[in-house]
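Data block below; observations after.
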Amino acid sequence: MSERQDAEDSPGQDEAPDGATTAVTAPELAPGPAAAGERRGGPEGGEEGAVGKQEPGSGLRRPAAITLVLLGLAVLAVAAFSTPWQALTGGPPDPSRDFTAAQIAKARAFDAATSLPAYLSLALTVIVAGLLVATPFGAKVTGRLRGPWWLRVILGVLLITAITELIRWPLGVWYETILRDYGLSVQDWSGWAGDRLKSMGVQAFLLCVMLLALMALARKVRRWWIPAAAGAFALTVAASFVYPVVFEPIFNDFTPMRQGPLRTELLELARRDGVPVEDVLVADASRRTTALNAYVSGFGATRRIVVYDTLLRAPEREVALVVAHELGHAEHDDVLHGTLLGALGSALGVIALFLIFGPVRRRTGVTSITDPRATGALMGLITLGSLLLGPAQNLISRHVEARADAHALDLTRDPATFVAMQQRLALTNISDLSPDAVEYVLYASHPSAPERIALARAWAELNGVPRP
Ligand SMILES: [Zn+2]
């Protein structure tokens, strides 16, 4: 799902069958900085909570700082050891070998058209988050709210979410108009607005849960960062687990794949691969997009492989290859690993918050982390934190995706169809065939299509199969 939900933030994004949905929202296709990713950074916090207005003393801060460093090293170690850095890579990508000059020109034109609204949206997101973190803007906006503290937090989240969305709305309309011009979006405006409001609602709901839990702890416990970090970890894991059954159905209907030769072939493929798969689900994506995609989400009892109904129009061998790629994610438990890494990152975010909330509190003019007027500052910090983590997530994701591609090739031994599939995906989704360095770092959750094709050729060479 969600590739469209923040589409305007992510120029490079539509690249392809995607991948494992990591943690909560993390749709495959580059979650836009502000929206989906937001809940990730974890609650943050201030200092004293129940205790008063002074900054936490060094006696309180030192254990938090030591834990921050140790946990940070642990996260780096887990990321370093669990990322398949050695996944197969191909030679230098060469778009002109597999795409015509006209196709390359069209991809460039689309990229140029979408880049402006995407970067403007990103800039607005950063500016608003910066204002919330470094000025009394958020405290002023939420200062007039009345009621018990928890109600003021909920209303504050809704109010600031609404203001942010209002500012970004015209850019979303602009982006959507471009998608329609290029035939990628087939939604009407009410469907588009409905999707956007729903995704805003999900985001606001998750933020409310985080902030209420954080503030409730900070009101009771002086060293709130300890239970809050544990809570952020647990909340991230729980949200990622229930995401496919609780949140995805808000956006799409899922039906088991129709009985027939394709379903039989896909389940046989999974059986041969040793990955227990009950069913392949089909999402009714065609009511909003012509793009092709597939993904794995959830883990354990909620794990599912989903293909867009748009993909089913492709030749069966290509669909099988896409599913083989998703089986690679399932076999390596990519969603679970991504979730655990995200959960550790959330815990880390909470501790960092404990340590840095002092200066934020002074600049924003709130009395403490438990002040409901701190809602805006906390939302800004979460947004900035998830923006900063995006490039690291993409770096890891690209290697995980390359491993899933290699898995699909091992399973099907059909690099020629792999190349045909990559061409179809790139052309249908109008993917960026040669993303520039900034786009690559900010948005590329997958290797580019020419890179994936080069990988298939390298695989063929290694395995003695004719190079496509
Ligand atoms: Zn993938």
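Cβ atoms here come from the backbone N, Cα and C positions, even for glycine.
Asp405 (active site, proton donor) falls within a helix when secondary structure is assigned with DSSP. If you look up TrEMBL, you'll see Asp405 marked as active site, proton donor.
Annotation comment: TrEMBL describes His325, His329, Glu401 as Zn(2+) binding site. His329 (Zn(2+) binding site) falls within a helix when secondary structure is assigned with DSSP.
Residues annotated as compositional bias 'Acidic residues' in TrEMBL: 8-17.
The domain 'CAAX prenyl protease 1 N-terminal' annotation in TrEMBL covers 123-252.
According to TrEMBL, the domain 'Peptidase M48' annotation covers 257-459.
Marked as transmembrane segment by TrEMBL: 64-85 (among others).
The annotation transmembrane segment is assigned in TrEMBL to 118-137 (among others).
Residues 8, 34, 117, 120-121, 124-125, 128, 132, 138, 141-142, 196, 200, 203-204, 207-208, 211-212, 215-216, 370, 372-373, 375-376, 379 of the same chain lie 6 or more positions beyond the ends of the transmembrane segment (149-171) yet place their CB under 8 Å from a CB of it. As annotated by TrEMBL, transmembrane segment applies to 149-171 (among others).
According to TrEMBL, the transmembrane segment annotation covers 200-218 (among others).
What TrEMBL records for 225-247 (among others) is transmembrane segment.
According to TrEMBL, the feature transmembrane segment maps to 335-357 (among others).
Within 10 Å of the C-beta of Asp405 (active site, proton donor) there are 30 other C-beta atoms, taking all protein chains into account.
Residues 56, 223, 225, 229, 332, 337, 340-341, 344-345, 347-348, 351-352, 354-355, 392, 396, 399-400, 402-403 of the same chain sit 6 or more residues outside the transmembrane segment (64-85) yet have a Cβ under 8 Å from a Cβ within it. In the predicted model, residues of the domain 'Peptidase M48' (257-459) average a pLDDT of 95.
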